[in-house]
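*Asks:* So that we are looking at the same thing, I have put the structure below in structure tokens.
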């Protein structure tokens, strides 16, 4: 894919160099700063020389997608980031799936009620807020293979690093469900299922739209280099949109929006009836729309706070 890749430089390093070398008033760099995308490029990537920059730029694959080099997989920062994704996903799935198991215990496996749906929404929103927050400074706090996929399509994370994130997220979900099964004395970790009169295609549309909203929110509040102070509330916004989507879609297909959340319970309960391609499609659309339209064609400069 890359003919002239040299030493340890990656396309992600090229993107870092590009942001660092922009004019202080450029639209990419932001007003008076030399910013790089938040939490998506390891600070350990060194700058590349002009020759290396030209060769990598010349051989860059589709758009700004970064493949990376094999040595990135064993880099200490990558390993730490993957561990952070494992822990964050474990925290999120343990609380989210655990809230459903608690509801089933309290109702003797009764049918879902409006109160149960609200409880699930709040549990997932709060847990995701915490999971994103605790991982943000280390890995970016993706906590979701669909988010990682969207970040990859936008050129914000290399393929190699993204694959390691996926592995960590899926393992984190499985371990969380195993711990729940152990802690509850063997209660079932329920896999996602469709409600009556809801077809597979209905569920796919739900997941595409809901995950689009999630990843679009991630891009707007965490990835966009012009986000400014908005980045501070990114974990809250991300948690809120997931909680709201659960209220909208939870009664129909469970509102996964996250392949890792579906994967853990499916492995532990060994139930493979329903799996979601919708989240990956929704994430891809959101990444291409926000990255290509609003970041790639950036024309807006935020007004100074003194102007309003």
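Just so it is clear, glycine is given a Cβ too, placed from its N, Cα and C backbone atoms.
From TrEMBL, for reference:
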COMPBIAS  28-42  compositional bias 'Basic residues'
REGION    19-42  region 'Disordered'
TRANSMEM  83-103  transmembrane segment
TRANSMEM  115-136  transmembrane segment
TRANSMEM  203-223  transmembrane segment
TRANSMEM  230-252  transmembrane segment
TRANSMEM  276-296  transmembrane segment
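Would you situate these features in the structure and describe their surroundings?
*Replies:* Long-range contacts of the transmembrane segment (83-103) within the same chain, counting only residues at least 6 positions beyond its ends with a Cβ under 8 Å from a Cβ of the stretch, are 112, 116, 119-120, 123-124, 126-128, 130-132, 134-135, 138-139, 141-144, 165, 168-169, 171-173, 175-177, 179-180, 184, 187-190, 260-261, 264-265.
Distant neighbours of the transmembrane segment (230-252): 38, 112, 117-118, 120-122, 124-130, 132-133, 136, 141, 194-195, 198, 202-203, 206-207, 210, 213-214, 217-218, 220-222; these residues of the same chain sit at least 6 beyond its ends, with a Cβ under 8 Å from one of its Cβ atoms.
Residues 144-147, 149-151, 153-155, 192, 203-216, 218-220, 223-225, 256-259, 262 of the same chain sit 6 or more residues outside the transmembrane segment (276-296) yet have a Cβ under 8 Å from a Cβ within it.
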